[in-house]
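This report refers to the structure that appears directly beneath it.
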Amino acid sequence: MGIWILNGKLLDASGKETTGHVLVENGKIAAVTAGQEQPDTTGHEVIEAAGKLVSPGFIDMHVHLREPGFEHKETIASGTRSAARGGYTTIACMPNTKPVIDTVETVKLIQGKAENEGNGVKVLPYGCISRNQLGRELTDFEALKDAGVVAFTDDGVGVQSAQMMKDAMKRAAELGMPIVAHCEDETLVVGAPVSEGTFADKNGLKGIPNESEAIHVGRDILLAEATGVHYHVCHVSTEQSVRLIRLGKQIGVKVTAEVCPHHLLLSEEDIPGMDANWKMNPPLRSKRDVEAVIEALEDGTIDIIVTDHAPHSEEEKAKGMQLAPFGIVGFETAFPLLYTKFVATGKWSLGFLIERMTSKPAEVFGLESGRLQVGSDADLTLVDLETEKEVDPAAFLSKSRNTPFTGWKLKGWPVLTMVGGKIAWTETNE
Ligand SMILES: NC(=O)N[C@@H](CC(=O)O)C(=O)O
Ligand SMILES: [Zn+2]
Ligand SMILES: [Zn+2]
């Protein structure tokens, strides 16, 4: 017995919207039929999807699940539940846990927990570039690759030594694996909680300069050119980084990049006060930077959208702007934010947004999922594009509530998430 998802709004290969039906059998997509004509559903379950978007499941290549070590912020169980509610069927988790993901043992621990407690969501662990993320000694790339890591990164900190980064890239290139970089030169960021700009000036805070990010981007593009590695830039937030990535692509360097919803939607001028729910790394930048990252996403300089879901507890965030940790949660607001602010306003097509959250990340990281096609795993997300709801952090399924988007009125809420033909989350059984 299979499941027919009937009368949904589908996007065809060119991103055009049509009405159609999807048959799921044995965990795979068994048929996709366009048009109003109803298929024979005898002997199958039926999910009525009239008026709902039926999208390939969203893919988030940059998330923090916090387990092991920081279970008060998030666990694999709570993080995957939050992800599934946000419409994500595949997520790639960053290695800045405790211990960090720098051994096969820790990779296996995460894979095992994801299998047993992961709500069906596909969890792809990253492996560290350096032991303990200290930037001194490379991890065993080959062993980590064999254990199944998706790529190497020290996200949470930048790799400060150029030689270390070059060695990492050489090794990764030999193994055909990407290097994923949190770009931050620490000598240019000394104890600053927000970016340089009007908010920092007004509140007497030190500011993080744009160059602290862009210097690493430029350095690493040169090293990627020299080593031939696939180099992927995390959470791009500055005009200068965009310029360098654009040039890198023009000259044929294998460079890809990601951007987060908050860097597309907020600038440092929007920070309402000394509230640490507006503190994240990279920080909110100037309006000019926001315009630059939007344009870069639109023209393909930036390839994909990720959340950088970075949960922290209320106690930690209550320490205030200067002392609280950097990071905001993202799973449960990402699609509604981008749909409401960019698609419903007519700036982007629905197909464009979906592509940057599904098939593009799959293409960049060589994943099988991300497409609604016969034979693929039935990883699907149904979205209600009409109902408007307010962002209510108290209702998040994440353990943490650190978001700057409280009270935003949004449309585009996922209502059902399916992974491999199994329902990972539905609005009705929340
Ligand atoms: N983005 C953040 O502000 N914080 C991340 C670390 C990171 O992504 O660099 C975290 O782990 O909390
Ligand atoms: Zn980072
Ligand atoms: Zn991160």
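Using the three backbone atoms N, Cα and C, a Cβ is placed for every residue, glycine included.
What you are looking at is a predicted structure, and each value in this text was computed from that prediction instead of being measured.
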Return the residue out of ASP299, ASP303, ASP308 that TrEMBL annotates for the same Zn(2+) 1 site as HIS62, HIS64, ASP155.
-> ASP308
ASP155, HIS235 bind Zn(2+) 2 according to TrEMBL; which of HIS182, HIS262 goes with them?
-> HIS182
Looking only at C-alpha atoms, tell me how far HIS182 (Zn(2+) 2 binding site) is from ASN281 (substrate binding site), rounded to the nearest Å.
-> 9
Compile a sequence-ordered list of residues in the same chain as ASN281 (substrate binding site), six or more apart from it, whose Cβ lies below 8 A from its Cβ; state 'none' when nothing qualifies.
-> GLU184, HIS235, PHE326, GLY327
ASP155 (Zn(2+) 2 binding site) and ARG66 (substrate binding site), Cα-Cα, nearest whole angstrom | 13
Inter-residue C-alpha distance, HIS64 (substrate binding site) and ASP308 (active site) (nearest angstrom) | 7
